[in-house]
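Per TrEMBL, signal peptide is recorded for 1-21. TrEMBL lists 29-275 with the feature domain 'Calpain catalytic'. According to TrEMBL, the active site annotation covers Cys59, His227, Asn248.
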Amino acid sequence: MRHITSILFSAVLLLSTSSLAMPTAESRHELVPRGEYIGLWNGTGPVVYDVKQVNVLNCWWAASTLSVLIASQNWIMNMIRYGNLAPMAGVSWPQDGTVLVQIWNPYTFEPQYEIAYADKKSPTEDHPLGNWWHDAISQAIKTFATRVEFPGIFHNNGTFDPTQGSAKIGLSLLTGFKSTSKLTSDYPDADAFWADLARASQNTPVIFNTVSKDYIGTTKPQLGDSHDYAVFNGTIKPDGRKTVWARNSWGSTDEFELQDVYKNTYQIFHLEDWNNLEQKGDHYPFSILNTNRRT
């Protein structure tokens, strides 16, 4: 009975979050122009290369997605299902022109379900002719923003607002966990700052946000001003030097000296409880549709 209730509850949620009924397999095919690539990801799953900020000023969102992907590829894959609700996680080379995406309300942390379409992919961001899993999630938060207002997306038309946005919101949208920020000035020293960045290697998303143009210093490689970076890990060299590996949403993975990051970072973003996204449970994406759960 619990299994049936869960499925019915999911259907109600789906209908309440869209003015359209779930498209059939035939209508899904008709939505996508003939010959258009509809692959969500390649091989073993989503990779950081799939996410690229090009023209839209939304580094907060790209860095949020990248940091969650770095924390757990499985988490991202479980956020997306085929248009017929079949699981997509673990599938190599999944393809569909219409998918169902789970995100979370960043204020109540309740799951939300949105439909995304391959023929509505951004013509500039990520790779328009490539994998569209990130565009699907982006479509989901933009649709959701037309019902629930939050900084970073215009409430009236569901497009990115180039003047606002915060990775604090982005992390909660993607995980359903409460997120927070901490000013660099609140750390006693660079080592304590580095220790928090290095937590990214523990399957939890971490982002650093650089200072504005008037305050950014010269670094190698050069850090962007007022820009968000998704952290891979912190490393300690044989000579004792500490560095930070991070993914830039413009398309590069770079290693920075700790002092360069410490002196040029305004704040970091992370989940308040440093949640490990590889620990599966009732909070795992689409767990409500998992018919293998115990009764």
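Count begins at 1; order follows the chain as displayed.
Cβ atoms are placed via backbone N, Cα and C, with glycine included.
Note that TrEMBL annotation is computational and uncurated.
Note that the structure is a prediction, hence the values are computed from the model and not measured.
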Using a 10 Å cut-off, grab the number of neighbouring Cβ atoms around the Cβ of His227 (active site), all chains included. 19
According to DSSP, which of helix, strand or coil covers His227 (active site)? coil
If you count the other CB atoms within 10 A of the CB of Cys59 (active site), including all protein chains displayed, you should get 25
Rounded to the nearest angstrom, how far is the Cα of His227 (active site) from the Cα of Cys59 (active site)? 6
Where does the mean pLDDT land for the domain 'Calpain catalytic' (29-275)? 96
Applying a 10 Å Cβ distance cut-off over all chains shown, what neighbour count does Asn248 (active site) have? 22
The rounded CA-CA distance in Å from His227 (active site) to Asn248 (active site) is 9
DSSP-derived class (H/G/I helix, E/B strand, else coil) of Cys59 (active site): helix
